[in-house]
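Report on the following structure.
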Amino acid sequence: MGRLLDTIDSPTDLKKVPVEQLPALCQEIREQIIQTCARNGGHLGSSLGAVEINVALHHVFSSPQDKLVWDVGHQAYAHKLLTGRREAFRTIRTEGGLAGFPERHESAHDAFGVGHASTAISAALGMIEAKRVTGEPGKVVAVVGDGAMTGGVAFEGLNQAGYLGRNLLVVLNDNEMSISPNVGALSEWFSKKFASRTYNRWRRQVKEFLESVPKGPEAIEIIRHGINATKALVTPGILFEGLGFHYVGPVDGHDVKGLVETFQKLAIFDGPVLLHAITTKGKGYHPAESDKATRGHGLSFFDVATGKPVKKSPGAKAYTDLFAEALCEEMEHDPRVVAITAAMLEGTGLIKAKQRFPDRTYDVGIAEQHAVTFAAGLACEGIRPVVAIYSTFLQRAYDQIIHDVALQKLPVTFALDRGGLVGADGKTHQGAFDLAYLRCVPGLVVMAPSDENELRHMLHTSLQHDGPAALRYPRGAGEGVALEPARVLEIGKGRLARNVPGKPDVCVVAAGTTLKAALAAAEALAAEGVAATVVDPRFVKPLDEELICAEAGRAKRVVTVEEGCLAGGFGTACLEAFERRGLLEAGLGVRRLGIPDEFITHAEQAKQRAWVGIDADAIAAACRALVGDRKARGVA
């Protein structure tokens, strides 16, 4: 007998499956997710924990007319399987395959593109309001994880949704990793009662009665508070009720039959409602359920039988691990140093700092804006905070970087993990913009280490600097260099990484870890008789204009390389320096290599670097073209 899952090519097919068979379908979906994530990596735990919610939603609502908006998208693997992408699911997070997150261009069932947290409620409210304006039929549901509820924008959306009173359904998928629910016999009893027609009919009848009494609105408000008072005492819903939502729950988020029944009732409810569903992250897969730290949050390839990562050949440590070790050394030597992250203790490596220095390591939740201003407050009182956040997520705190830190010249260090191209996580997670959006901030020192030692030196330098500083480093392994004791670098001074005797044909200025590819390109060019010098600028701001302009002027041709956006980035900084020094008027030939004006999709990092033209082959080709073009025109 074949799988139920193989009969489902759309939500319409799912609706034909009897409710009694849905638990078996959920098990098949779990098995498919586990097998695929073992091969491709991905957000296993969140998706396993939300299978029943996915199935019940699609069984009751009618996507794409009804809009299902997934916060972050970690929970949406089952959604992809149920919406015509079953066969393509094996390609998820691979080159040319499905994205790891919902994307509007991928399917009409992906109502909103996501990847960053806490946005679903605001987006869903916009959709339901658009339906009101246009008269288009359909329901809108936002599915939000409890972790996303630590983000302020989620409550901004709740606040307006409650005020407007639209028929918005918010499903809070609480996997007990952030929120501690108030559960028990009374809570369970109230959950059933508050979702029932009887309870809501009673509320409506009381209201209708009071409206016939003079000064009814005031009386209604008094009685409404009385009705809700007992409920608020025994459920965690008081906050949501206070924001204008009708609260239902907690309910068992793995009881798919019960969820179908509840969604059927809530689909006809008038007004904003929040359903609180308790789930288990990693549900149905013991290795994920038993991982108390992350429960299979974001995994690379793993062995299905054990849940353990598939070991690749031994190599250099990841930059993330090296940063964490260097930070712990700094914290050990200087009690003023503290570490801050936004719900990414594991991802940024700060779990090591938390274990060694629990009272000086802060996880503020998905609250990047708060993290930066919290750091600013600490810095005001003599503390040396290090804010470790993925490059893509620090974008959310840009105003705080400028207004709360840089404007006041506070000594806050920003450690930007995942700077540059990130691989399988794709468009929403690329760290492409940091060099551009940071280098324009007055007084902010911006550093890009080319190897592990440079990372250690730059962290140490930032903590000795009396002002704001940022260092960005990539995802993945380091270069494998022997580690040196950390030392203070002279701010604004780069180094000549490769010199040649006499007059060079071309100079390559390579920011950060693009230095390795630049050196490889220079060696390949040397074999062809093309002499190339290579500069490691170290600092994107302040730029070492003396060194860079001197080497560019010596060669008369220069290629800049960065793993960041070309618009406003490191290459632009060099162009500005060349302009100031009169090198452009003197005929300097310039080529800039970096990420073009587009969002780079998911693939292996090496392939992405080849796509955008910053690998060794592309750098060598750019140098050849520049040298050949100049010689063809008779320019020395």
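Using N, Cα and C of the backbone, Cβ positions are placed for all residues, glycine too.
Quick look at what Swiss-Prot annotates:
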- H74, G115, H116, A117, G147, A148, N175, Y285, E368: thiamine diphosphate binding site (BINDING)
- D146, N175: Mg(2+) binding site (BINDING)
Helix, strand or coil at H74 (thiamine diphosphate binding site) [DSSP, three-state]:
coil
How many Å separate the Cα atoms of N175 (thiamine diphosphate binding site) and D146 (Mg(2+) binding site)?
7
C-beta crowding around G147 (thiamine diphosphate binding site), within 10 angstroms
24
To which of the binding-site residues D146, N175 does the lowest count of other Cβ atoms within 10 Å belong?
D146
Which secondary structure state does DSSP assign to E368 (thiamine diphosphate binding site), in the simple three-class scheme?
helix
What does DSSP say about D146 (Mg(2+) binding site): helix, strand or coil?
coil
